[in-house]
């Protein structure tokens, strides 16, 4: 009887293996490997049979609270998959934190923001470890669209739950207010409305468009963005390709791009203080953009040379190295090795750049020009400048004007005239970021018509919340050359792919920017390369979390050059239609206004926008 049972098991095993074609594949493997006689026979057998194994699936998500580059709490998401019957940690991603609180905010405002951020991270960790962990189990990490769709539905459900809770709270407060209402209490608001401050606000609101309400960030929304990006990294790891190529394949519907263009870096060199005694408030960042003729490596080296010279120029006269050398000749040479570094070296912003204060708009530009001239470089040829104005931080809503210098105010129309004069005087400035508030759309039209053919007019503040940008296949932004996109909160990889596709179709340029609270995760660089961004804005060449991303960009350049798939970048400006035209643009091809920005070997002309032709001319090309 036992022999019959063993015979039955043998027959069952044979059928099982035959059903899975094991004998056939074993014979194929042995026949294929014998001529090769590999040194690691069992390793090659494992590789051979791994082709027939099941695709890895998600088995666990782990969320934890970590710190970002400025010591603020943020979210890390870790992906574990079942690979060949074993649980395996695949990858993790750390989200960058972003705050809308201005630098000069009151202490209590900053404290409230920090508490809100901490609560949001705690909620995000809970979402990842509980709901999302269960929801995404057994899905393939390579199926980004399915995962992002589920994440979007989950987030929408959470938003609806919050709205319902708020509605109940408001109804309870209204009921309480009605029961405790007295005649004297109802009379006070009426008197306040008739007071002078109310009139001043009303006048200001008639003068300028009121500020759009800040979009509330749902507590825990980091979990959506963190999980989506972690899944993308896991998909790339499982597919054994770099993340940038994985993202490019997702954007191109799995058609492998023949060539890839690296985004040009906007390297922040100066962070201008907006706090007294400095008078200048308008300029937040002065950035360097290497010319397209240089490789990324050459461009970074040139920026570092300029940074060294800038450090020397910013050293206080009383602490310059030369007087210290003179003192050392008087018998104090033994102290030189213990002296503190120059003040400029100590003053490094969280953006990874030098901090300085200026008294007028031209001062940082002349300082930059001097630094370049001192090392034999010419701005406009050997290096270009971009300025982050951050004008939305400067509006005085009582006066209805921008405070560009301490005590100096300008109306929105005057701001346009000022920028036109600035670009005419300093033509090496090829990009202005947030020169106006997003609400001043008429002035955005004016400045784009006046300067669009000479430099990029870029919206960053208007693109902070990606969920508000897309409305029925249209981009809800002022007239501009392009936008700075940031991967924060509930942003998903699919959102960026869809949005950059729309921006490409409308001939807007895409800039991927790092938030203020940057982490050491370098995925942003792969996203920028895979999405085909024109520029990448990473901050300065100091601080580990910033430099890590530049190193990743350099590694990608080296890899693409080795594979001969690196395409040279170019700079093309857009001449906008007259202000009377709607904010829609189609493009004809005309010569560029600035020939020095194109490399000599490029003969293609730059794009120029015209006012609503019925269709593109037959002989026009799209680049």
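Including glycine, each Cβ sits where the backbone N, Cα and C put it.
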Choose the correct range: of 151-178, 179-206, 207-234, which one does TrEMBL annotate as coiled coil? Give that range.
-> 151-178
Range among 288-314, 315-341, 342-368 that TrEMBL annotates as region 'Disordered' = 315-341
When TrEMBL marks a stretch as region 'Disordered', which of 97-120, 121-144, 241-264 is it?
-> 97-120
Beyond the flanks of the coiled coil (151-178) by at least 6 residues, Cβ under 8 Å = 131-132, 135, 218-221, 224, 227-228, 490, 492
